[in-house]
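Engineer: What Swiss-Prot records for this protein is below:
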BINDING   126, 130, 136  Zn(2+) binding site
């Protein structure tokens, strides 16, 4: 897999191994060859993610993770499976970009009483599923996406994040 990892915040020492593990597990679950996928991941702080959230979502507040899919793969029908990424015969298929904020992740993990590594892994899986066309706005889509997240995290030995809330 091609992972373009940018660490803007020095506290993100755990991000490289977590990203490799979470992305590999997600792509495997989705039946995608990691060697044919390209993802950009930004490890930042709350100030940076607040600016990104304001710019792209018009929400000037911190959030845990943001994603920008390279192409719209969303299913047309509620609860439907998104389209598969189109193969790129010249190299890796760019799936999109993910940004994740250390401060918010740490706060949320502490509040939930779970290890930050587990929470960050969940958020990387979550962000990557967004790049692959999954969403959680409609109830049927949320059920599908959360089920995939739970299955992928279970394969990594991480408890269901939705039963810990």
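Each residue, glycine too, has its Cβ placed from N, Cα and C.
Source: prediction; values computed, not measured.
Help me picture where these features are in the structure shown.
Structural biologist: For residue 136 (Zn(2+) binding site), the same-chain residues 6+ apart in sequence whose C-beta sits under 8 angstroms from its C-beta are 142, 145, 146.
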Engineer: Can you list, in sequence order, the residues of the same chain other than 126, 130, 136 whose CB lies within 8 Å of the CB centroid of the Zn(2+) site?
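Structural biologist: Going along the sequence, the neighbours come out as 67, 127, 129, 134, 135, 145, 149.
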Engineer: In three-state terms from DSSP, label residue 136 (Zn(2+) binding site) for me.
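Structural biologist: Once the DSSP labels are grouped into three classes, residue 136 (Zn(2+) binding site) ends up as coil.
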